[in-house]
Amino acid sequence: MTNIPLKPQNETFTDTQWQAIFDEGDHLLISASAGSGKTTVLVRRVIEKLKSGTNIDELLIVTFTEAAAREMKERIQVALQQSVNEESDPERRQHFVKQLSLLPMAQISTLHSFCLAVIRRYYYLIGIDPVFRLLTDETEQILLKEEVWEELRDQKYEEGTEVFYRLTENFVNDRSDEALTNVVMDLHRFAQANPSPEVWLETLAKQYEHSDDLSEHPLFAKYIAPIYLAQLQSAANQLQRSIEQVSGQKDFSKLADMLENDYAQVAFLLQTFKDNQLTVFYQALGNVSFGRFPTFRKEEQKIISIPIKEQRDELKEQIGEMQKSFAYPPEKILMLMTQAQPLVQEMGQLTLAFMENLKQRKKDKGVLEFNDLEHYALEILSGSNQTGSEASTYYRQQFKEVLVDEYQDVNRLQEAILSWVRTPDDENGNQFMVGDVKQSIYAFRLADPTLFIDKYLAYENQIGGRRIILADNFRSRHEVLHFTNLIFQQLMNEELGQIPYDEAAQLVPGFPHFPESEDFLPELLIYEKENEETTDDGLTDEWLLEDKTDGELHLVALKIKELIHSKFQIYDKKLKENRPVTYRDIVLLTPTRKNNLMLLDIFKKFDIPLEIDDAQNYFQATEVQTMISLLQLIDNPYQDIPLAAVLRSPIVGLSEKELVEIRLINKTSSYYEAF
């Protein structure tokens, strides 16, 4: 730790935030929980660097999105402007003015944008045409890949090698070879997230090399065994909790006996698997049997028995999946893996050929994809002999510090790029990484959170760098944080998330000024659709609920209206006092965007103003669809569906009942003629 300036008494930053702002001399990993002020800390660190004489163009600041980059620039601009206004020393003031002028050209961007800048500057090192077009249209990307793949596939069919035909037998049916196409595309996508995709593809088959012991087989030991162990351990723990819940209660004696039997079977499976007695495990797995769940009729019994039954049903399904995946004795599984090796090798070579053909086709067309930017930038920076190029030397001299936001979402290719612009490993580190592995949600985009976890564990002992934990949450009340901790203590562990939700990971209330109140306990709103159809004739069609999602969104809208009408009191940090809640204070988090249009319609019905990001396709909006239907009617009024849509819309305003009455007038002709 370097000499960190003494924190003034009136400074609002916590001690760990203060350390994160000023510490230097080594690589720093900032594990910043939600609401811990990481962006504020990052901006303040940049400003302090500038105050010490660094120029803004001597910093590389990498963000995950373009929006985050814009926000970062705006915050730095505001802070710089404030420094200009407050600085009395002419020389220092002029330095801040200079930084404001340099800010628009500063390298505060996504990694893709930085890679593009590297290619534009050093394209000649790898001999690519600097006049290229970025493929940003997804449809164009798909069509190009399909074109290249179809040519390669036809070529392979013409060559007719035995190993290719054996491969296709596993993926092709009488109707199509779509399954083979999907595997090649997936492998290509996974390979592109690696610094050396060719090497990654070539080594796939090595994991299928022969082994005399299944427990030592690289594929089984690395990928399959950990999943089995985690599932069996979780099942055993859950059964133990269920047994503790019902043991000693007379009404649940049969259930307790049944759960004890279930636990004995699962515990035996777990122990034999841990002991690598895989033949015994296979035999025991095939003989697992679950007794019939007892029937309970009293409501107080059902409160306990129903959740246990649901968990047990999940366990039965899980064991069933294990029986399907471990369907043969260990010796036969080993034999099948050995037989699969040449097919996996052929699949890797096929994907490699596709990748090379696609690369050449894009070169011929003068186009690049976003992934190409990263690979070409890495090729430029690493040099032909992987010892670094003049480009790497330039950037290492140019950037005094490399700051990376959302580090938990970086993949190995991006990590390799960063390694060529930060200081070499044998010098004092200058990379400042901010993130929270608990918020890593981009594994489907091939983010590799183990990069964060490995540093988190190593830096604890100051091996290769240092870590600082920002756990204080300044965004939420302690009731919200306590509830969040309670949930994730049950859900997150090392088996699931590779990091325990321990004391260091838990959210800590950091804002001390929230007034005490009993109104902020977490509340669950549960929509249950009635089994019987009960419709009040007084209700208009627009208030009839169509499905569960419709009902849940109505429930949310009603809750929001209740909060507004009751003038629910919230604390305003600027006013430093309570005030009535407004619509702008409320945020709605949804698991998917597919219901955004329905959400817009329902909130409009309740007169709730709503700002929504990415409300699906513009042409799917109700108003636009209505106008399209109207245009279709102008062209041809005999189209029933567009006519019904316009009649039902606010333009005409007929109810569904009235539409039915019109149809009944004439059941055989077009709706236009009946109307």
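Any Cβ shown, glycine's included, is placed from N, Cα and C.
Annotation comment: TrEMBL describes 11-477 as domain 'UvrD-like helicase ATP-binding'. Annotation comment: TrEMBL describes Ala32, Ser33, Ala34, Gly35, Ser36, Gly37, Lys38, Thr39 as ATP binding site. Summarising the annotation, TrEMBL assigns domain 'UvrD-like helicase C-terminal' to 504-675.
Report note: the ATP site is defined by Ala32, Ser33, Ala34, Gly35, Ser36, Gly37, Lys38, Thr39, and the residues of the same chain whose CB lies within 8 Å of the CB centroid of those residues, excluding them, are Val41, Asp436, Leu470, Asn473, Phe474, Arg475.
Looking only at the domain 'UvrD-like helicase C-terminal' (504-675), the predicted model's pLDDT averages out at 81. The highest number of surrounding Cβ atoms within 10 Å, among the binding-site residues Ser33, Ser36, Thr39, is found at Ser36. By a simple count of nearby Cβ atoms, those within 10 Å, the most crowded of the binding-site residues Ala32, Ala34 is Ala32.
All protein chains considered, the CB of Lys38 (ATP binding site) has 21 other CB atoms within 10 Å. Among the binding-site residues Gly35, Gly37, the residue whose Cβ has the fewest other Cβ atoms within 10 Å is Gly35.
In the three-state DSSP reading, Thr39 (ATP binding site) counts as helix.
Following the DSSP three-state reduction, the secondary structure of Ser33 (ATP binding site) is coil.
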